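Database features (TrEMBL):
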type	residues	note
BINDING	ASP37, LEU38, THR39, ARG64, GLN80, ASP84, ARG233, TYR237, TYR238	L-histidine binding site
DOMAIN	57-323	domain 'Aminoacyl-transfer RNA synthetases class-II family profile'
Amino acid sequence: SPLVFLQETLTGKYGEEAKLIYELQDQGGELLALRYDLTVPFARYLAMNKITNMKRYHVAKVYRRDNPATTRGRYREFYQCDFDIAGQFDPMIPDAECLKIMHEILSDLQLGDFLIKVNDRRILNGVFAVCGIPESKFVTTCSTVDKLDKIPWQDVKNEMVEEKGLSHEAADRIGEYVQLHGGLDLIERLLQDPKLSQNKLAKEGLGDMKLLFEYLTLFGITGKISFDLSLARGLDYYTGVIFEAVLLQQENDHVEEPVSVGSVAGGGRYDGLVGMFDPKGRNVPCVGVSIGIERIFSILEQRVKASGEKVRATETQVLVATPQKNLLAARLKLISELWDAGIKAEMFYKKDPKLLKQLQYCEDTGIPLAAIVGEQELTDGIVKLRDVATREEVRM
């Protein structure tokens with residue numbers, strides 16, 4: 001998947017988020033853009049190569065013309081790690097696997113307490129329909145609802161009424177639904193809701209959501225998952241289930257400001273995207289998850305800083321050191337043997353470095369061993385191996 005696309009490939013796929021696409025000026029008659037995510041390029045790849053079944057992961061850089069906030073891991077150039085399942089399968093089985101992977105990654109990284117919010121675009125659209133919103137306003141209403149995790153309901157309502165042109169009554173009716181969250185019990189309750197149960201889309205979405213929660217129960221991960229009607233995800237291409245992972249435990253005694261990075265992963269089902277690139281409009285159902293690597297790094301870095309623990313700055317296993325002058329040849333010979341044996345070794349790029357400096361470097365960077373060859377060692381045909389932490393030495 002290339003880094004640079006024709007603008008027409010990316011436009012019309014992201015909705016209101018499209019304003020963040022980096023567009024390049026006319027380059028020899030072509031209007032180009034930098035890729036915004038890895039999902040649209042993946043859909044294009046499937047369509048171009050007529051692939052109807054694929055399971056893959058992809059780690060690569062993407063670009064957004066956003067306001068950077070480096071303390072929160074928000075950049076204009078950053079890495080995403082995507083995992084996607086494309087193909088025609090029975091409902092909610094691949095979707096459940098994506099959530100399982102998300103849960104596994106966030107648990108293994110030990111980032112603290114997290115919550116994965118789950119919703120479905122069909123349920124949201126059903127809610128909008130029964131609240132009397134015209135279909136032409138579904139997408140823009142969706143992007144307003146998506147702000148509920150950042151601003152209070154009153155501000156969201158004001159935006160709906162003043163900017164999106166909805167009536168106060170319709171906005172209040174939406175508010176009754178989008179502030180709900182829970183688990184299977186909430187799904188059951190909404191399935192009985194007199195208005196929602198009459199809406200075909202909402203009924204379909206709730207039926208699938210019930211199925212999803214049954215599979216997640218079998219995976220044993222429902223403790224970290226919440227069915228949350230405020231989750232909307234701003235992108236246009238989602239067609240079914242959507243999900244987003246947020247970190248909860250962001251307070252820290254040692255840090256003046258709490259670490260707040262918001263969402264660290266998200267994704268959902270996009271069944272209509274491949275068809276946009278296929279000349280005959282053939283669709284391939286897809287579901288995927290995307291993890292923001294920099295956001296996770298910013299949390300891990302702040303955690304390490306707060307704990308005061310030392311992190312190894314290098315993978316080097318041994319530093320080849322000499323205690324006297326004129327022993328560069330001995331160092332080069334020994335390091336060559338270590339490299340040939342597949343051992344990660346390094347040495348000072350100076351002809352006559354001081355031994356104390358070499359050992360201090362090992363301590364600073366966390367190199368565990370120093371292989372010392374002096375004149376006496378060369379005469380005896382040995383090497384002194386020093387454990388940097390304990391200062392114990394072994395002749396070999």
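The backbone N, Cα and C atoms fix where each Cβ goes, glycine too.
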Request  = Enter the number of other CB atoms within 10 angstroms of the CB of GLN80 (L-histidine binding site).
outcome  = 19
Message = Test of understanding: give the count of other CB atoms lying within 10 angstroms of the CB of ARG233 (L-histidine binding site).
response = 24
Least buried by Cβ count (within 10 Å) of the binding-site residues ASP37, THR39, TYR238 = ASP37
Task = Summarise the model's confidence over the domain 'Aminoacyl-transfer RNA synthetases class-II family profile' (57-323) as a mean pLDDT value.
result = 89
